[in-house]
């Protein structure tokens, strides 16, 4: 299977300059004018084409994850999990699958520093024999909110103020004061790991709960974990200021230079699995994206390794036009009823169609490398050559048939239509356990970051009190420390 199938030939294999249509250009230095100093003529098509193309070079940046870096490599199965899934690319140890990865910051713009305190995106596109599989995650195992209905408001709160275009703590703390479920995510973001040293030295997570299905149709819930073999490293606040002040693209450069030097970064893939019949044994909802699954109860199981051994050839084609979507899965992997995942299934593809056009999956970085066929025709920027006469189904003139049926999770659903919260929220236990697992100096840095955020002059007494109450419910001493620094009295 050729991972570079559908890649257009180079546009620069001519010995001389040409227009986009291939006509030779004998002068690329001067515009066509009336005399040496006269006005430029509109008939200078080369000038018009050159400027028009330049004016349209930029496309809409991603609404989140705008700043990113990509690399290519392979995934190799090291442990047999065929009893859990019928996915072809996981069929046996030794099987290799080409892939491309995009690491990113989340909130800030395309040219922002890579040293800001921000989650990091960790998205992997597997080019399998059964189509692409996009595992679209982050460097933290949890998320801010559990229901995708809140996602647009969440991003608005984290993004800069629409009036001043300045990111401000009072907006963030105001919004999340209504969402105590966010505490677990903030226990990562305001922790030392909130600023990874670079992309090679951070772990990754699928974040959402998916489902694995084996050949017999047996389904289990699954969480995906990427563990870096380089070791997890982070930047403390003063280090981030120093590194960011000297190179705002330090993580991109580190990734590129390491691969170019032959120091290929590697991650081990692990999974946690849970039989849906046993989910009531947990004190939280396993489909709640703000929770981690305890590894002492649901241990990590090794699956394989990912090696990045090739840099991208073109940043625009393989980073800006690279598009991921959690809806893109393969037989043997399926969704769950995770509320955030369910909304991501729609939203990601929708934003790619806005950003890149309806035929974004025809772009070389996004197209499958296996044979594929459907009747999705035409549209803006369609460049697939098709010469068939039958563009409907079914037809006795077209031999293409249905694929072999693949197992999907069997389930029976019942209930009334309603908008409601999940039953087992349990918002405070896991962030408290995480805080208590740290040494005292790490705890103190966490407290200091929260004190700095809550010291924003526009943060009201009410909002400060709410956050102290939340952190007190997670850990009484933590709430007391934050309150003491702010000269407030905890309510719990």
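Here, residue 1 is simply the first one shown, and the rest follow in order.
Cβ atoms are placed via backbone N, Cα and C, with glycine included.
Under the heading active site, Swiss-Prot lists 65, 138, citing sequence analysis as support. Positions annotated as heme binding site by Swiss-Prot: 348.
Overlay of Swiss-Prot annotations on the structure.
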residue: 65; record: active site; contacts (Cβ under 8 Å, 6+ apart): 102, 104, 105, 106, 121, 123
residue: 138; record: active site; contacts (Cβ under 8 Å, 6+ apart): 106, 119, 120, 121, 122, 204, 205, 207
residue: 348; record: heme binding site; contacts (Cβ under 8 Å, 6+ apart): 136, 324, 325, 326, 327
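Reduced to three states, the DSSP call for residue 138 (active site) is strand. DSSP assigns residue 65 (active site) to coil in the three-state reduction, outside any helix or strand. DSSP assigns the residue listed as 'heme binding site' to a helical segment in the three-state reduction.
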